[in-house]
Structures are given as C-alpha cells and as structure tokens.
Number of protein chains: 2
Amino acid sequence: MRVKCIVSYDGSRFHGFQVQNRERTIQGEIQKAIKKINEVETVIHASGRTDAKVHAVHQVFHFDTEKTLPEMQWKRAINHFLPNDIYILDAQYVDENFHSRYSALKKEYRYLLSTKEYDPFQTNYIYQYGRSLDIDLMRDAAKIFIGEHNFASFCSYDQYGNTIRTLYTFDIEEEDGIITFRLIGNGFRRYMVRHLVGGIIQVGAHRIEKEKLLEMLESCGEKKCLFKAKPQGLYLQEVYYEED
Amino acid sequence: MRVKCIVSYDGSRFHGFQVQNRERTIQGEIQKAIKKINEVETVIHASGRTDAKVHAVHQVFHFDTEKTLPEMQWKRAINHFLPNDIYILDAQYVDENFHSRYSALKKEYRYLLSTKEYDPFQTNYIYQYGRSLDIDLMRDAAKIFIGEHNFASFCSYDQYGNTIRTLYTFDIEEEDGIITFRLIGNGFRRYMVRHLVGGIIQVGAHRIEKEKLLEMLESCGEKKCLFKAKPQGLYLQEVYYEED
C-alpha cells in the first residue's frame, strides 16, 4: 500500500531535507518515525528537497508499507514518533501510480521579508532586511520571469541538466511592513527561488535595474545572478497534483 | 554613568535569564557583549529573572559604565556583539537613583495558548493546547485573583519570604483560535504567572470549578496549585516605572 502525507516543518534546526549520515534532517527524522510503525527501514519520497533552514507549510511525500493500518490512524501514529518541529497534517492511501515528485504539476514557494526594525522572534522565519523596498519596481521586474525560460543563471552552480522551467506567478504583497513574495511554477531548481527573490530585492533597493536581470536571464547561465536571498525566509507552501 | 536598556529576546535556546557557569543564558550573553565595549567585567541588573524558554518583549536592565559613548551609540554597539535571539530596543542614560528592579512599579506578562491543530512553527512560542476552552468561565474565575492577596499557593515551592502581591489585571482574549492571558501586577514571584494561568486553564477545561482556585488562594500555601502552564507561551511584556 502507498501512503501520501502532507507535512509541515520548521526548518530552523535541520541540515535540510535529505537524509545525511550524522546530521539531523527532516527525511531522517520522518524515516525513523515510520520505521517504528513499519518495523522495517522505509524510504520516503518527497516532492523535492528543501535546503538547510528552509521551512515547509505543505510539503508532500509518500512511502510504501505492508502495514494495513486504518487510513485515519497513520497521521496520529507518525506524529507520535516525530519531534516537535515536524508535523504530519494529513496521511491517506493513494494509488500506486502516485509519485510525490513525478506526479507533481506545480509548486508554490513563499518568501517573507521584514522592512521593519530587527525582531529577534522572527530571525529564523522572516528575513530581517530592515529597510524599505520599492514594491512597484519589484512587481514590474518580476514580470520578466513569467513564462517558460532557461533559468540557468538563477540556479545553483553545482547543478547540470535541464534548467528550463515555467513560472506562472511571481506576486509581491506588503502588509504591516512584511513583504511576501509568492512564486508558482512547474518546478524550481536548487537555489532558484532564492536567486529570483535575491535579484528582485536588488531592484527594489535601487541597486540594479530590471534590464540587468533580463540580461542574466537571457545569458542562460553565462551571467550568473550573484544575489541569493537567505534561506530563513523561504517556505515550500504547496505542491499541486492533478487530483487537487 | 548608568545606562537603562529595553531588551527583547526569544527564550527558546536559553537556560533562563540568570547567568550560570556553563549554560547559555540571556544575562551571560548580554554581559559578554557589554564587556567588549566597557573593556571590564560588567554586571547587569534586570527588572527580574525569566525562566528557561520564557520570552521577553520588553525586559528592562541597567548597568554602570565609565565609557562616555554618545547615548545614541549604546544601542547599536551592544547589538553588534549580541547573538541574533537577543536585541536591544532602546538604551539611554538615566539618573543613578534609577534601579531596574527596585524602581519598577508594575509588570505585565502575557501567556499565549492555541486551541487549534498543532503547528510546528508555534511550538516554542504559543502553548499548543489543541482544544477549546470556556472563555467566559475563565474570565469569571480570573476575578478571584484581582487585588492584594497572599499568592503562596501559586508560587514556586523553593521560595520563601513575602508572597503578598497585588494583581491589577487578568484579562483573557481570544482571536483566531489564539487565547491571550494578560496579567498586570506590582510583582510576580517565580512560577506565579504559570500557576495562575495553569489553574485558570483547568477551569476553562471544566476540570475544576473556580471555588477550588479560591480555596487554594485562601489557604495561603497549604493547598498548592499543581497546575503549571508550560514556559513556552510566556512573555514578559512590559515593566512600568514612575517616569513612564
């Protein structure tokens, strides 16, 4: 039987999602919890990784099991064995054709930034930028990225392969001094959201013009974006599948 | 010269306020920062201690110094040497008669509780109670404590001396599933806020009646309150002085 889970986690005290030998990771903690129920080593498959300090509101993963628990018991059972910074919001049986990563159609990320005075309670959750940004300029520049593009200049240096992605939404809203960047795309490569937001922040701070970002985008990796927003403000908000 | 500071801290990763030999404490971190400016060991005096995992929105402390920095530079200088979970909101020169603890007239604490589903992002900041509570019953019971009383039944076991305090305010508000308990008094002994809130929660959960709390209060320490709310939801909100 295949189980699909929706999970929320505070990434502050993790070395990212992917399991590592000695470090505390989200995948590692979840696999330890599920092993206690399944009684065998169980590998989980997520919609994608998140980096160290990055959070998730609704991350999705699946795993296969021989245990035939009633569907409604899975959520409580896994949560029972999880640490307090990871929480399963939903668990249900799905068709074996479902795959958290390959069945995903769209992903939504959010990035939070504060323009207000430093707040020690927000330091792991909202980037403490502490100055105002020009919202209209940023909104205008964000349009550059909408549509299908080769995002090579906005990806990690260490990644090869296909860097073509489609960005559907790049919204920017401000409320009470907190700016929320909302990106929806068919997929995001490593560091891509942080580079896109990082570049846009430079425009909002009047440090570069949007033409500079367009140049980077059109260079397809030749002119790399050197501005990468901190991981602390980043949230994997939603993963969209056909059935949703 | 005497400097008065208003400080905000996320108590999650501290072993409380008071300096200890090997543990990370708020006082310890602040004294290390000030020593780098003063170039001599400097003891700070706070309005009172906070326990492990308890937060402060506006805690007050003072210290004496031979350094004659311009007043406006103190805030930036101390913050420069502080870790990211402590932040000085204000620093100013005050009369040498001012004492953070002895000059304080009133203190305000807040306690936050969530009646909603568990949220891994709130676990260090809002008590994840996860069930509803009867607000009207709690408000009615809270009136018992208003005025001057011997709060011995609601203090730490390990404290002796004067347990008479005056409580001016014990408000309870609910918004979007978050209940805020707001207490203002002329002083609070160790664990007093957590015992008062803990007792009131029992009433709101229909586990005890308010008469039981009255009995405890009137017993002056004979019938101890055994309900102590977790430290994670507690905030030292404000310290009031004559000049405010």
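Glycine too: its Cβ is placed from the backbone N, Cα and C atoms.
Feature annotations, courtesy of TrEMBL:
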- A:Asp51: active site, nucleophile (ACT_SITE)
- A:Tyr109: substrate binding site (BINDING)
- A:6-103: domain 'Pseudouridine synthase I TruA alpha/beta' (DOMAIN)
- A:141-242: domain 'Pseudouridine synthase I TruA alpha/beta' (DOMAIN)
Conformational class of A:Asp51 (active site, nucleophile) under the three-state DSSP mapping: coil
Structural state of the residue listed as 'substrate binding site', classified by DSSP into three states: strand
Distance from A:Tyr109 (substrate binding site) back to the residue listed as 'active site, nucleophile', taken between C-alpha atoms, in Å: 13
Secondary structure content of the domain 'Pseudouridine synthase I TruA alpha/beta' (A:141-242), with strand meaning DSSP E or B: 33 helix, 32 strand, 37 coil
